[in-house]
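To start, the structure itself, in C-alpha cells.
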Amino acid sequence: MAAPTMEERKACWGARDEFWQCMDNHGDDASKCEKLRLSFESLCPQQWVKYFDKRRDFLKYKKQLETEGYHPPEAAGKS
Amino acid sequence: MLRALLSRLRRPPAPPPRGAVSRRALPLWQRALVAGAGAGAAAGAWLWLRRRKRQERERRRREALRALPQGDFALRDQAGTRRAKSDFAGRWLLLYFGFTHCPDVCPAALERLSRAVAALEWDPALPPLQPLFITLDPERDDEAALRRYLRDFHPRLLGLTGSAEEVRAAAAAFRVYAHAGPRDADGDYIVDHSVLIYLLGPDGLLLDCYGSGKSAEELERSVRRHMRTYQPLSPPQ
C-alpha cells in the first residue's frame, strides 16, 4: 500500500480540520458531525484516523491543563 | 616633555631643601604617566587572561564535540547509489529522520527544512547546504517510495534507505528513537519517533539540532549564524 501523496495528505487534513471544527462547535457531540466523520474516515488511512483521534484528545487535555491547571486524579492510594 | 625627562635622568637629583623630609616627589605628569602605564599593564594582563580563558573554553568544547557520536551512516539514496557519511565530507548537512507513511509531523518538518534550505540558497556568500532525509521505515520506504515522497519537497532533498540493520545503525548513531506501532488489517502502521532536524558541519560533526517548535525562519537564522561563525576543528592530536 503506497504512502499517501501530498494531495491525499492535504485532503485528509482538510477533512480532519472540518470534523474537528464541527466537534468544537457542538461540544464534542459526535452525533452532530456524523457526515464529516465519515468523510474524514474515507479520506484518511485508518492508522491516521486513530492517530488523529488520539492527537485531539491530547490537544484537549493540554488545553485543559493550560486553562484549568493540573488536578491530580482523586483515586485513592499512593503510586 | 621627553627631553625634560631625559635631562632629569642625566642630572643627579637635586638634594632636598634643608630641613625638608627626604622623600622623592615626582611631578604630576610623571605620576600620571606611571599610573597610566600601570593601568595599561593591568588592562593588557586582563585581556591576555581573558583570551587564554576563551581559548581554553573553546578547546574543551571541541574535545566534547569530538567525543560525541560521529553520527555515521552507510545507506542508499533514492537513485540506488550507495551513500556513506564520508561522501559528504566538506559539506554542510541538514538532516531529518522520518518515514513516508507519517501522518503530519514528517511533512511539516520537511516543509520547514525545505523552506530554510531554499532561503539560504539565495545567499551567494554562504556555502551550499545539503538537505537529507533518512527513513526509519526501511521495510516500506524503498527507493521508489522515497522518490514519490520527496518530489513534493526541496528538489535537492536526498532520501536515504537501506537494510533494517543499516537504518538501525544510522538511527543509533544519531541517538534517534524509533518504534514501529502495531499493524492494522491492511498491514499499515505508524512509526513513533523522535523529531529533530540535525545540522552537521563540513567536518562531519553535529553542530545543532532543532525541534518541531523551530520555524523555517528560525532554522534559517540559526544555520546562517553557524556558517558565519564556523571554525574548523584542528585534526586530533
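A Cβ is built for glycine as well, from the same backbone N, Cα and C atoms used for every other residue.
What TrEMBL lists as transmembrane segment is B:28-49.
Annotated disulfide bond per TrEMBL: B:CYS102-B:CYS106, in sequence order. With a cut-off of 8 Å between CB atoms and residues at least 6 apart in sequence, the same chain places B:TYR96, B:GLY98, B:PHE99, B:THR100 near B:CYS106 (disulfide bond), listed in sequence order. B:CYS106 (disulfide bond) falls within a helix when secondary structure is assigned with DSSP.
The annotation Cu cation binding site is assigned in TrEMBL to B:CYS102, B:CYS106, B:HIS193. Sequence-distant neighbours of B:CYS102 (disulfide bond) (same chain, 6+ apart, CB under 8 A from its CB) are B:ILE190, B:VAL191.
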Shell list (Cu cation; ref centroid = CB of B:CYS102, B:CYS106, B:HIS193; cutoff 8 A): B:PHE97, B:GLY98, B:PHE99, B:VAL105, B:ALA109, B:LEU136, B:VAL191, B:VAL195
CB within-chain contacts under 8 A for B:HIS193 (Cu cation binding site), separation at least 6: B:PHE97, B:GLY98, B:PHE99, B:LEU136, B:VAL176, B:TYR177, B:ALA178, B:HIS179
